[in-house]
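Some notes on the structure that comes next.
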Number of protein chains: 4
Amino acid sequence: MPYDIHDRSLAERGQQRIDWAARHMPVLRQITEEFAAEKPFEGRRIAASLHITTETAVLVGALQAGGAEVALCASNPLSTHDDVCAALVERGIAVYAHHGEDLASYQRHMEQALAIQPQLVMDDGADLIAILHSRPEEYEVLAGIEETTSGVMRARAMAEQQVLRFPVVAVNDTPTKRYFDNRYGTGQNTIDGILRATNVLLAGATFVVAGYGWCGRGIAMRARGMGARVIVSEINATRALEAIMDGFQVLPMHEAAPLGEIFVTATGMAGVIRREHFLLMQDGAILANSGHFDVEVDTAGLRDLATGSAQLRQHMTEYELPNGRKVYLLGQGRLIGQAAAEASPAALMDLSFADQALSTRYLFEAYQRLTPGVYDVPSEIDERVAVLKLRALGVQLDTLTQEQLAYQHAWQVGTAN
Amino acid sequence: MPYDIHDRSLAERGQQRIDWAARHMPVLRQITEEFAAEKPFEGRRIAASLHITTETAVLVGALQAGGAEVALCASNPLSTHDDVCAALVERGIAVYAHHGEDLASYQRHMEQALAIQPQLVMDDGADLIAILHSRPEEYEVLAGIEETTSGVMRARAMAEQQVLRFPVVAVNDTPTKRYFDNRYGTGQNTIDGILRATNVLLAGATFVVAGYGWCGRGIAMRARGMGARVIVSEINATRALEAIMDGFQVLPMHEAAPLGEIFVTATGMAGVIRREHFLLMQDGAILANSGHFDVEVDTAGLRDLATGSAQLRQHMTEYELPNGRKVYLLGQGRLIGQAAAEASPAALMDLSFADQALSTRYLFEAYQRLTPGVYDVPSEIDERVAVLKLRALGVQLDTLTQEQLAYQHAWQVGTAN
Amino acid sequence: MPYDIHDRSLAERGQQRIDWAARHMPVLRQITEEFAAEKPFEGRRIAASLHITTETAVLVGALQAGGAEVALCASNPLSTHDDVCAALVERGIAVYAHHGEDLASYQRHMEQALAIQPQLVMDDGADLIAILHSRPEEYEVLAGIEETTSGVMRARAMAEQQVLRFPVVAVNDTPTKRYFDNRYGTGQNTIDGILRATNVLLAGATFVVAGYGWCGRGIAMRARGMGARVIVSEINATRALEAIMDGFQVLPMHEAAPLGEIFVTATGMAGVIRREHFLLMQDGAILANSGHFDVEVDTAGLRDLATGSAQLRQHMTEYELPNGRKVYLLGQGRLIGQAAAEASPAALMDLSFADQALSTRYLFEAYQRLTPGVYDVPSEIDERVAVLKLRALGVQLDTLTQEQLAYQHAWQVGTAN
Amino acid sequence: MPYDIHDRSLAERGQQRIDWAARHMPVLRQITEEFAAEKPFEGRRIAASLHITTETAVLVGALQAGGAEVALCASNPLSTHDDVCAALVERGIAVYAHHGEDLASYQRHMEQALAIQPQLVMDDGADLIAILHSRPEEYEVLAGIEETTSGVMRARAMAEQQVLRFPVVAVNDTPTKRYFDNRYGTGQNTIDGILRATNVLLAGATFVVAGYGWCGRGIAMRARGMGARVIVSEINATRALEAIMDGFQVLPMHEAAPLGEIFVTATGMAGVIRREHFLLMQDGAILANSGHFDVEVDTAGLRDLATGSAQLRQHMTEYELPNGRKVYLLGQGRLIGQAAAEASPAALMDLSFADQALSTRYLFEAYQRLTPGVYDVPSEIDERVAVLKLRALGVQLDTLTQEQLAYQHAWQVGTAN
């Protein structure tokens, strides 16, 4: 089996850490057992571009248990854990990834993963899907799965322009992904990443969050929970109103820029914090991104603008601006919870990866009836994942009585009767 | 003009209070000006069953400004403000409502409001709609608008059973209603109602919320904000998981019953807290409902069960149970924020009533193209309301640059490019 | 027995409400039983100036059970509950108070209460103590008890100027008063009072709190809990830093004035919000006070300044300013939780009134050994109250093991051993 | 100059990180300038046992700027940063510390630091003070400063037993230390340490905090802020009541043990979580300590009890219990914010280290008038530090007007006048 990783000798430590993650992924463990018994992927080839973390290893394990042949490359050059790569290779997965690889290697590794001639691609940012569509003649892919807001946006754009060639399930949009991983996961790992990168005090800091989608509200909620004073910027009126009534101040970025001490972007959009904003900021301002791509803070613009720079801590670069002030970019503007921390905790990845695993089975069963387009995760899958998770947590729901079931359909009963 | 109210001499005080509400309803004020200029309802007759509060008076004023003839009855016997009724009659609205009226009067007043032969009904719990459908031959209604979860559930049941005779716009389901009125409005007025009814300390109290929909999460959030320890009960797995990750304990009602000191229902379902639960409760437990109908706490069952009762405070009845313990029912189990407090603040009603007002105009324009069924508020209306509100608050949004607009459609740009 | 109350026929309703309060005052109930058994106040006369609420009635009942003869007048003209007065008279307490009495009656009632020739005065704002010291020749008082920050400040000023004639126990300063009643009690009842007086939406409102003492931080915490954006003003650097690190913005009042929608004072100081601030405020600003005296918002200055006024709701007066804007004063600037709501909940008054009851016994035992001055509640009393409260709540503490007790005194054990 | 550190070549990186810390320590920077101008420590020798972090380097720099000769050893074998040691040696400080040194080295390094024959010791856990008192004949120390609760407890025990030989200023007890470093600092760095050590999801986790002092409440507040459900254990009734009214559940440890997923101790006491509790815990429970010494979780008892162990992640050891369950000890039970994260942020250390610096000057001026005993930081120092901090943050206070200053002393003005 071909592969390209940093150091195979890290396999044992990688496996130990994968086991720790697996402890917190009871839903995926149960699905792995099902797959092992039923072998739904016998003879199937899957190429996956994912953050190569301990949790991803558990997902890949489930696919493998179900009979799939899997090739894996990274979805972000900085989020690869070399020890996890080693453990996966040890278990027979063709991994192509090095932590911190340059863009050339990153791109080459994608090509190598696609060399498996996959029937299904599992994507995290739609980079694989984009390659497949740039050279469609080379591949015969039946279906794809996409995990992020940014990637779904790309797939939707492809569908609108009628160039998308196969059905893509948008795991990102399912409640068990969006409400949980985006909100609670990104909320926590953004705080975690900022603390690891800087060790600054959050209590009392003025903390600007760009975007009040599920990620943004998770970040805002947790920043407040750590004692920060949070300012939100938005382009959507309803979300802005929600932010206000959640007790946050809402300002456009050019008004927030001079006030903030810490800035985090979570928008799915490019150039959210850019040259005109950098120049308004206080000396010492800290810049981080929690969106999928490294374009939300205009890092290229920042480098252009800067009169000097220094790597002060592992994940923090100081940029001196023409006005003499210094700003501090974290994790090179890549998503901070991946770059400086360890991404979403296993307990949350359990949900979205369970969606991924079950959607993979669904797509192999259903691809023939699905025209090219972006599809939601079937709601039965989503509900099943939530129910399995609650059961694993030992939490009990109420159930409707016969009378209550009847009441649901009884429109005749109201105040006046 | 016929009408039936408690005391017309209360009009001046009512008008003063309506003016206070209008101060906090800038969106509806602007719509009123538009309607006054454009007269979209000239010659139209509208029957409305609404909580007759100062905010409702501002809505009715907007319809009247637009040229409509309006007849108004109550949607809850306890939420009527007699001074508001008086002020409305003074301004030429045919009001049929007395605070605290009995069910016979309540029902008769509905019939009187319908005597106007409305072309459109505005409903809050679907009681008017139900009457219209029980004697369809008597009325020729073109369209309806429904404001509550409970009422939409009824209308949907009618549509499923194919008995619904006209299009109904579900204002309840629009973001500016559900996210705002249900969450922030019910959240605040439930706390307010409980405090007015009891003056108990919330800090440190064990507070059980049945239902983690938009109302339930608003109540849970505010109860925690007042220092309570909150337990949530749910029937839906995804919502239960959200409640857990928001930091609440989730238990089925029969396990929450012995722990709670204060219980609030917000489910849209009947019999959520019932005989079997009453008997498990601690001495001193307090019971309130924030769902639309007074069936969520089984008040009939409670009265049956009780060996004695006493009205201890204006909105609090003590029931002695066979086991010797006492429980305290607030506002007779009717929605507590209406019964013991003053419903949602004007600043929120501004949103949902702006939706109502604009949906009314929309329905008179569009009813012919709409088959019987339950419809969402058109998203343009919803967005316009949010934008108007932000503008009134003086809050600015960011706007997308040309580059950003282009980026939205550029699927080719990713990590690998 | 002489008395002067509004309407004795209200006694039954008053007693029912007193019973409801007593349910939430288990500590005072237990102390009442002790006093009834031990009769520590046999032959003693006590004059009390207190907010005449249901909770006060339970305290007075404890003193009476212990054998005391009690005369009671109000400590605030607006906080008197006439039905409670009636119930107390029915039980043999000489009450002199009418809800809403004018200052002449208020002062006359104090004199009437003092006519009992008390050996101990129980004060709430130090008004009785001040009268006693203005005509010291008329009275022979052994000791006093003072409940509020404002009153303790007065007593301390008297002690500094060496005019204080007897020992005064400052219940206000004891942990079970300050941490609980001031923080959780004032926090809740301020929110409650504002909602009853206005029904405005707190979510998203800019809420200015003057003072970050125990009251101020309780108010700030609860205002945030209801969704407001809170700004704090302070004169003390350490408190200001705490407010910042608790996530609040800190501004001087002249900078907060143009930003706030709701203002609450809790400082113990006069003229905190005054003419210069009123003129900076937005149209619609709401003004309330939660300090003991009605001097924190300069109401006299506001009335002088105003070009017109109107009583819009029961506890809200509109003032039109020379600049055409309107501001809204709640409860005439008297402490809003008393004026518009029902003061601190019984569950908290249980703590400070238990301190009062036990301090009364302590003073009758100890007054001879105490020189004139302001004294803390003995810490044994404070601890006993906390322990009794926890027991009533059914909460268990950990207890130190033998090894742990030894560890407390073992300075030799550290890292290096 | 003698010294003993790991690797002097790390100096440049150490200095860069010290500069980053210094950016967030404006108060200490200003004090350093004062000291440099006034040279208050000319000819003085100081031995310090401190966590050797970037912030400590800034403090030591201030002492050195003031003319002092300083010898520095570690106060915890795991908290030493080798690059900081190198930078300090480069600047002429005699440092004796290696990250992760064993107890023998740790103890030898203390002796080496004391070889400077200090006139003043700066301690963090009272280890130096204890050594000095075990061989008093060898040293002539004029005064000491102690930073922690645990160390102050030891010094107090020595004073009670009348063995303390010089005055000790308890920086720990000053408001700017206790309210800030203990609460906001430990609160943040405990969360940070747990996340770095485990990457578990805090949202929805049951999080047990032992102790509700300033550290404990900081931890509880931040754990809730991250979405955890928090349970508190206490031995003090008043603190337990506060925890309850802050919305936390309070349980004794033996009842919390079976419920918790994460446990943190912050008590200053030994054996808070011990054998009997380990055996009650769920499989997967995580154990951490945020008290100064590694005795709060009984790690020795845990090792005795365990049937096996494995180092799963850098700061996490798995212990298998006789009942087959596994528990996970973080940072070997040493204070987790130091062991796995980077201690309190510079912005907070700025406050307590400013207290240390100014107290050092005070002690050299005042030691002759002070008998052996434990002293508070003079309140002027504390207030000055808070004022300097606010000024650095650009935050303005209100100031009292002439009228207000007069009001403070005017006991004659009350309600009745």
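Placed from the backbone N, Cα and C atoms, the Cβ positions cover glycine too.
On a predicted model such as this, the values are computed, not experimentally measured, just so you know.
Residues D:Thr53, D:Glu147, D:Lys177, D:Asp181 are given by TrEMBL as substrate binders; from D:Asp82, D:Asp83, D:Asp124, that same site also lists D:Asp124. From the candidate list D:Glu234, D:Glu276, the residue TrEMBL records in the NAD(+) site shared with D:Gly213, D:Trp214, D:Cys215, D:Gly216, D:Arg217, D:Gly218, D:Ser290, D:Gly291, D:His292 is D:Glu234.
Filtering of the binding-site residues D:Thr53, D:Gly213, D:Glu234 by Cβ separation from chain C (threshold: under 8 Å) yields D:Glu234, ordered along the sequence. When the neighbouring Cβ atoms lying within 10 Å are counted for each of the binding-site residues (D:Lys177, D:Arg217), the highest count belongs to D:Lys177.
Averaged across the domain 'S-adenosyl-L-homocysteine hydrolase NAD binding' (D:182-343), the predicted model reaches a pLDDT of 96. Around the Cβ of D:Gly291 (NAD(+) binding site), a 10 Å sphere holds 29 further Cβ atoms from the protein chains shown. When the binding-site residues D:Gly213, D:Cys215, D:Arg217, D:Glu234, D:Gly291 are screened for a C-alpha within 10 angstroms of the C-alpha of D:Asp181 (substrate binding site), the residues that qualify, in sequence order, are D:Cys215.
Taking the C-alpha atom of D:Thr53 (substrate binding site) as reference, the shortest distance to any of the binding-site residues D:Gly213, D:Cys215, D:Arg217, D:Glu234, D:Gly291 belongs to D:Gly291. Classification of D:Glu234 (NAD(+) binding site) by DSSP places it in coil, neither helical nor stranded. Remark: of the binding-site residues D:Asp124, D:Asp181, the most isolated position is D:Asp124 (fewest other Cβ atoms within 10 Å of its Cβ).
Here nothing among the binding-site residues D:Asp124, D:Glu147, D:Lys177 falls inside 10 Å of the CA of D:Gly291 (NAD(+) binding site). Here the CA atom of D:Lys177 (substrate binding site) lies 15 Å from the CA atom of D:Arg217 (NAD(+) binding site). Cα of D:Cys215 (NAD(+) binding site) to Cα of D:Asp124 (substrate binding site): a distance of 16 Å.
The record gives D:Thr53, D:Asp124, D:Glu147, D:Lys177, D:Asp181 for substrate. Within 8 Å of the mean position of their Cβ atoms, the other Cβ atoms in that chain belong to D:Leu50, D:His51, D:Thr148, D:Val171, D:Asn172, D:Ser344, D:Met349, D:Ser352, D:Phe353, D:Gln356. D:Thr53 (substrate binding site) carries neither a helix nor a strand DSSP state and counts as coil. In sequence order, D:Gly211, D:Tyr212, D:Ala240, D:Ala243, D:Val250 are the residues of the chain that are 6 or more apart from D:Glu234 (NAD(+) binding site) and have a CB within less than 8 Å of its CB. Looking at D:Thr53, D:Gly213, the binding-site residues in this record, the fewest other C-beta atoms within 10 angstroms of the C-beta turn up around D:Gly213. In this structure the alpha carbons, written CA, of D:Lys177 (substrate binding site) and D:Gly213 (NAD(+) binding site) are 13 Å apart.
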